[in-house]
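To start, the structure itself, in structure tokens.
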Amino acid sequence: MPSTRNIETHNDSNPTLRALSLSALGIVYGDIGTSPLYTFKTVILLAGGGTPDVTTIMGSASLIIWTLIIIASVKYICFALRIDNDGEGGILALMSLLSLKLKQKPFIIAVGLMGAALIYGDGTITPAISVLSAVEGLEILSPSLKYYVLPIAITILITLFAIQSKGTATIGKAFGPVMAFWFLTIGILGAREVIQHPFVLAAINPVYGLNFLFSNGATGFFILCGVFLCVTGAEALYADLGHFGTAPIRCAWFGLAFPSLIFNYLGQAALVLEGASTEHNIFYMLCPSDFLLPLIILSTVATIIASQAIITGAFSMTRQAMQLGWLPRLRVTQTSSEGYGQIYIGVVNWLLMLATLGLIIGFGSSEKLAAAYGIAVSATMLCTSVLLFIALHKLWKWNIIKSGLVAGLFMIVDASFFAANLTKFINGGYIPITLAIIIYSMMYIWHKGYKTIAIKQKEKNITVDSFLDSIQKEGVVRVPKTAVFLTSKEQDIPPTLVWHVKKNHVLQDKVIILNINNLSIPWCKPGDQLQIVETGAGIWHAVANYGFMEQPHIPKLLKKLETQGYDINIKDITYYIGHETIFVRNVRHTLSKYIKILFVFMHRNALPMSNYFHLPPESVFEIGRQIEI
């Protein structure tokens, strides 16, 4: 289990803390760490481009610095990291925690799912804009190389997505040191300019940012779109909590990432104050010409690492959604035995690749991609702030005024950024929003469809006593074998068991009726994973408990019964599972009909139960049945 919540990391001399902090630099801070490649340039362009005046430069730098302080440092580092679901973070984990302990489930779930869906929308743009902005440095090296930027970026991304199925555990060990070198490099490049123009340090005063924001009318409002790009990776601070723990993430942020980012943004501001052209990438202009090519290579590697973190995060969130019952079963492949987070989901990988390549080809440059970037992640952050308010008030027991003052500040800032980013909707912002709506709809349809099936199954429930009476009256022959019947929690006796007895008139002398119970916590304690009770006549009711970060493996779990003294041979088990064919009856309401048809389509294309639960194919017996919805 990769969670490090039980590791003592409070002592700064602890080597574990240093190692985890280094790893966190590679996984957690890739996205936010590569934002200097395009953020300051975008802000200056939104402010009018050309040769900006001192007020514009200082105001832009001040807004970026204070956005990093309020959103990344205070909201996520100081508050969000302290609200975990058994050590796990992220909007789905927070949603599960609140819905488990509080009564406002529909609202909490709606906000959480929309936030999660929006992350997918953002995930398609991040690899595209990151890699493209890095490779665009070639244009500064030689203007004739601009024709190679797009092909190189496309090649890099295709290669990145293609190797996902092989796993990235080995090269992943280098992510931390590479990103540490990246942060040191961008910090030093920025510090060089700050030392030469110390006046730029005045931008740390928030008055510069506020004056610039409120004295420029609509322009000041639009500039927030560019400013927000500096924190687009902040949600990862929270989502990766379970992989590293609070202390390493904070140590990596305040120890290296945050000061390096501040110095780099101030350095870019100092460079423009000096009169540098804003037509080219300001970030690369910080670098001496002799070191430009190595910096371009380093930038490209850093953006690949940032993209890898987004892809891995998409896999992890998809698994969480499946386990929580919000997405259909998909094939999850463990690519490394060293880390549970090293997984691969083919459908997600290839859909992300197609969307990312489509964006690169469609927009053609990082400057144009910036028009589509930010709207989805700003909406996600607003959703997180809403859930944080509920957590502060209900879980921490803060009074509503205190909760409102803290979370209200975050919501005002997030809402301002979201409103500003909405102006990008027509210019490309509609793409991630549309994608988020599609994914949210899929989650809603899947959950609603399975809820409908569960209600129907409950209506046809057969009690254990009535089943035992029936097999006794009919004189069913018992054979010396073991059978496992998978069932839902709505049923005492699964239809597959009833059908088996009715058609074959025989029943194994040892029968386990197994219910898979997906919990709203990330990890189930080993001692609670399998609960079994004998109901009589050689029939046991068992419950297999799995957290939303765990991958069910039924044979491995049942093997525990052998070690606990049960007379069961795991190699002698026959697994009986239902193969449902869902069909839609005549429905007058068109919308309801199409929702059900979409559910049927998703159900038919879901991974078979036997594959998802890792059942041995030679020991599986599928029993078909039709269900009308």
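In case you wondered, yes, glycine gets a Cβ from its N, Cα and C as well.
Sequence annotations record features per position, and here Swiss-Prot assigns transmembrane segment to 20-40 (among others).
The annotation transmembrane segment is assigned in Swiss-Prot to 54-74 (among others).
Residues or ranges marked as transmembrane segment by Swiss-Prot: 106-126 (among others). Listed as Cβ neighbours of the transmembrane segment (106-126) (distance under 8 Å, sequence separation of 6 or more from its ends, same chain) are residues 31, 91-92, 94-96, 98-99, 232-233, 235, 306-307, 310-311, 313-314, 317, 321, 326, 352, 355-356, 359, 369, 372-373, 376-377, 379-380, 383-384, 386-387, 390, 431-437, 439-440, 443-444.
Look at Swiss-Prot and you will find 143-163 (among others) tagged as transmembrane segment.
What Swiss-Prot lists as transmembrane segment is 171-191 (among others). Note on the transmembrane segment (171-191): residues 22-27, 29-30, 33-34, 36, 256-257, 259-268, 283, 286-287, 295, 298-299, 301-302, 305, 308, 342 of its chain, located 6 or more positions outside it, place their CB under 8 angstroms from a CB of the stretch.
Listed as Cβ neighbours of the transmembrane segment (212-232) (distance under 8 Å, sequence separation of 6 or more from its ends, same chain) are residues 31-32, 35-36, 38-39, 42-48, 55-56, 58-60, 62-64, 67-68, 71-72, 122, 126, 261, 265, 370, 373-374, 377-378, 381, 416-417, 419-421, 423-424. The annotation transmembrane segment is assigned in Swiss-Prot to 212-232 (among others) on the grounds of sequence analysis.
The transmembrane segment annotation in Swiss-Prot covers 253-273 (among others).
Through the fold, the transmembrane segment (291-311) approaches residues 26-28, 30-31, 33-34, 37, 123, 126-127, 130-131, 133-135, 137-138, 140-141, 156-157, 160-161, 164, 168, 172, 175, 178-179, 181-182, 185, 233, 236, 284, 349, 352 of its own chain, all at least 6 residues removed from its boundaries and within a Cβ separation under 8 Å. Annotated transmembrane segment per Swiss-Prot: 291-311 (among others), in sequence order, evidence recorded as sequence analysis.
As annotated by Swiss-Prot, transmembrane segment applies to 343-363 (among others). Packing against the transmembrane segment (343-363) from elsewhere in the chain are residues 123-125, 127-128, 132, 150, 153-154, 157-158, 161, 164-165, 167, 311, 314-316, 318-319, 330-335, 369, 371-372, 428, 431, 435, 551: each is 6 or more residues past its ends and has a CB under 8 Å from a CB in it.
Feature annotation from Swiss-Prot assigns transmembrane segment to 372-392 (among others).
Positions annotated as transmembrane segment by Swiss-Prot, on the basis of sequence analysis: 400-420 (among others).
Feature annotation from Swiss-Prot assigns transmembrane segment to 425-445 (among others).
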Out of 54-74, 253-273, 372-392, 400-420, 425-445, which stretch has the largest tally of CB pairs under 8 angstroms to the transmembrane segment (20-40)? 253-273
Contact between the transmembrane segment (400-420) and the transmembrane segment (54-74) (at least 3 Cβ pairs under 8 Å, separation 6+): yes
Please give the sequence-distant neighbours of the transmembrane segment (253-273): residues at least 6 beyond its ends with Cβ less than 8 Å from one of its Cβ atoms. 21, 25, 29, 32-33, 35-36, 39-40, 44, 52, 54, 57-58, 60-61, 64-65, 68, 72-73, 77, 180, 183-184, 186-194, 196-197, 199-201, 203, 230, 237, 282-283, 285-286
